[in-house]
């Protein structure tokens, strides 16, 4: 005798209890579920909210994993599947593995390998490559931060010794087919501008078609226009993800992956060695501070945006040679808090490094670290200013990261300038990125950013070999992040907000400052060094007491000095 399967009721409230199945025939299926209709798809708004939540949870998980990794003991990786193809991050100054010491083409790394072979300790080769001697670290910093001459020739020999002429001109082993493809003329700049217009008009279909076309001709390892298009395309794609939240979350995740001192030093050297911008800016500010502090017994430098403090070792060296002996140097380093459990860790490490330089050159030193998200809210008392000291305020290309009137009625930029006026410094040295891509309208901002970064990528492509791994990191980790922020982010999440030097002149004069004249002797020295050391397309000029620097006629940076009016 056969029994038909027992079908359960469709109403969940009348479903059979587990005990009921004990009295069913043996050949009756234990559980027979009727076919249910698939649930209706969620509305687009709900789907977007779910996608955004998942994306943000993924960011938080990865960030938490990176933070937790800091507490793991040193030694072999515990999770080899995740880290087998990655270099171990170096997060503290005490690890002694910074700077010019980790690249595959680095001569110091090769010397370490050779020395370990001679000593019969190759069994621990991996640890020998990741840890270097304190003296090697000191030499790396000294060569970059204490060198007063030109590093360009030395840097090119150091980083491109294995790059032949064929590779430098566009890569080795190119086939004839690739050569013909290179000759195809594609106006990437025009395609990018058209794509930005489509994005601005919410025409996603046209924007995606243009992005596919741009992707076919862009590359992070191509020429200047191809690399520029690659990173601008990344920004446009991030902006198309959603209503802006996802794009901002993506940039936040990228920014949370902090660059170590070693990586930043590499990118810093490749830029300063090939262009005069950073070196001239630092020398200009340091010489003006030296002149103001010629007879001061105590010099207090308040540095807004100190970061790694690369500007100050050469000033410490200058002070050590001052006639009559060095003054006591007090530095207050102000920086945005670092994500994680120790928001002031980076600037505290900066203080330790500067203390070591002062100890070496017998310069009395005192350091005060301030990590603050809102610089305009810092109290004057927190700066610990003393009555018998010369006070110098310095800001090196960091005021562009402050919000302006388009976001907050009480502009943080004006607030910081008013704070500096309350400090009443003896000198205020300021360097700014001269840019017009701070417009609230996306299309205008995109166009100005494209022109600005086109000049920078053309500069880099002219003076640095394309296969240089330090250049790749500079373009990816520093310039790439800036471009992503300018294009993909809006509101308070957009922190790259440069203004022109003429706009900063208006702000500073309204805040109660007046300019100091430029030192003509120093300007003449800069012009001489520019002709001797650097490419002929670099621009050096003066305008209304501003020192201007640029590339092929486009002004990129400006520097000046102020005193209270």
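Note: Cβ is positioned from N, Cα and C throughout, glycine not excepted.
TrEMBL annotations: computationally assigned, not manually curated.
These come from TrEMBL:
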- 108-124: compositional bias 'Basic and acidic residues' (COMPBIAS)
- 173-183: compositional bias 'Basic residues' (COMPBIAS)
- 299-303: motif 'VHIID' (MOTIF)
- 349-381: region 'Leucine repeat II (LRII)' (REGION)
- 488-563: region 'SAW' (REGION)
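Long-range Cβ contacts of the motif 'VHIID' (299-303) within its own chain (Cβ-Cβ under 8 Å, at least 6 residues beyond either end) map to 289, 293, 309, 311-312, 319, 327-334, 383, 385-386, 389-396, 423, 425. Per DSSP, the motif 'VHIID' (299-303) is made up of 0 helix, 5 strand, 0 coil. Shown for the region 'SAW' (488-563): DSSP residue counts in helix, strand and coil, namely 28 helix, 26 strand, 22 coil. Secondary structure of the region 'Leucine repeat II (LRII)' (349-381) per DSSP (helix as H, G, I; strand as E, B; remaining residues coil): 17 helix, 7 strand, 9 coil.
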